Amino acid sequence: MDLKFNNSRKYISITVPSTTQTMSPHIKSIDDIMVLGINLSRFNKLTQFLICVAGVFIFYLIYGYLQELIFSVEGFKSYGWYLTLVQFGFYSIFGLIELQLIKDKRRRIPGKTYMIIAFLTVGTMGLSNTSLGYLNYPTQVIFKCCKLIPVMLGGIFIQGKRYNIVDVSAAVCMSLGLIWFTLADSTIAPNFNLTGVILISLALCADAVIGNVQEKAMKLHNASNSEMVLYSYSIGFVYILLGLTCTSGLRPAVTFCSKNPVRTYSYAFLFSLTGYFGISFVLALIKMFGALLAVTVTTGRKAMTIVLSFIFFAKPFSFQYVWSGLLVVLGIFLNVYSKNMDKIRLPLLQSQINKSVDERKSRTLAQTV
């Protein structure tokens with residue numbers, strides 16, 4: 001449509017493009033979900049979910065194995081912050097490479113928001129890595145799994161979300177199962193340290209907030225996963241570098257790792273690579289399905305990581321681990337059911353409920369009469 005006003009002095013033309021014309025890259029990318037160069041938007045929701053879940057499980061299971069393997073290197077346990085620095089450096093490089101592969105390279109999320117996200121990311125991953133110097137790996141994972149309830153609280157206070165009774169029941173089941181697991185671990189293989197508990201608890205608090213902040217920022221500004229990874233981890237790299245420099249913790253860590261480059265830097269590279277792939281799928285889950293469902297998936301992955309940890313690294317075992325694990329699985333099932341309540345049909349149960357309601361109404365009417 002063209003509206004023109006033309007005389008000897010002025011010419012005004014207003015053009016409204018038709019729906020068949022090409023949209024701008026920013027508008028066109030609203031429905032595009034890119035993960036490692038793959039456009040997930042062309043798949044249906046179920047396929048998107050399954051791809052993301054498969055990516056999270058595959059890459060993060062390898063990630064967890066390598067993390068425990070690195071900290072099994074004698075003398076490395078006190079250098080958790082340096083491992084986080086190396087990890088953030090690799091993440092920044094990977095994010096920069098991936099950002100060059102997409103057409104729209106603009107930064108959409110404000111720098112102040114990235115500074116907050118970077119701070120929370122440093123708290124989540126740095127404190128988590130450092131806690132492994134004081135706690136055994138299954139205990140650390142158990143604490144991290146308990147972030148489901150803080151994420152729900154964060155969703156309520158940060159985004160104003162409301163959760164139904166099934167979601168709350170899922171969070172309670174998972175948390176009780178994980179607490180039971182922790183009690184079993186403390187009885188059979190006590191390796192607790194108050195410093196480690198404080199560190200992983202602080203990491204848990206940061207982890208509970210970051211998912212909601214990322215979800216809100218990505219939806220508000222329609223940012224890509226690669227952009228989120230690049231800027232949050234590169235800013236976080238600067239935070240950690242300044243912190244290690246100020247506390248004189250950089251030189252001893254560099255000296256130690258230079259003596260064992262294969263078992264430190266090579267492991268750290270693979271550890272970072274699988275973690276980067278995993279975080280890309282997690283961010284896609286957050287953007288498409290929300291922080292709560294993403295946390296549920298990652299919590300299930302952590303439970304599988306614990307099983308593999310017992311298989312590959314010798315540890316005492318108790319059947320209490322099994323019962324607590326089943327309780328966690330129940331929580332995951334309840335959460336998945338809550339997300340699909342409108343799609344699940346239980347005719348027999350529904351008919352019984354309706355019959356019970358009708359009988360109750362009849363009794364009430366009879367008493368009234």
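Quick reminder: no glycine exception, Cβ is built from N, Cα and C everywhere.
Taken from TrEMBL, the feature transmembrane segment applies to 49-67, 79-102, 114-135, 141-158, 165-183, 189-210, 230-250, 265-285, 292-314, 320-337.
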Item to check | the transmembrane segment (320-337) touching the transmembrane segment (165-183) per 3+ Cβ pairs under 8 Å rule | outcome: yes
Item to check | Listed stretch, out of 49-67, 114-135, 265-285, that has the most CB pairs under 8 angstroms to the transmembrane segment (292-314) | outcome: 49-67
Next on the checklist: If you count every Cβ pair below 8 Å, which range out of 49-67, 79-102, 114-135, 265-285 shares the most with the transmembrane segment (230-250)?
Outcome noted: 79-102
Item to check | When counting Cβ pairs under 8 Å to the transmembrane segment (49-67), the leader among 79-102, 114-135, 265-285 | outcome: 265-285
Checklist entry - Who are the long-range neighbours of the transmembrane segment (114-135) in its own chain, taking Cβ under 8 Å and residues 6 or more past its ends? => result 67-68, 71, 77-78, 80-81, 83-84, 87-88, 143-144, 191-193, 195-197, 199-200, 202-203, 205-207, 209-210, 213-214, 217, 228, 231-236, 239-240
Next on the checklist: So if I exclude everything within five residues of the ends of the transmembrane segment (265-285), which remaining residues of that chain have a CB under 8 angstroms from its CBs? That is, six or more out.
Outcome noted: 33, 35-36, 40, 48-49, 51-53, 55-56, 59-60, 62-63, 66-67, 69-70, 73, 83, 86-87, 90-91, 94-95, 98, 214, 218, 225-226, 228-229, 257, 293-294, 297-298
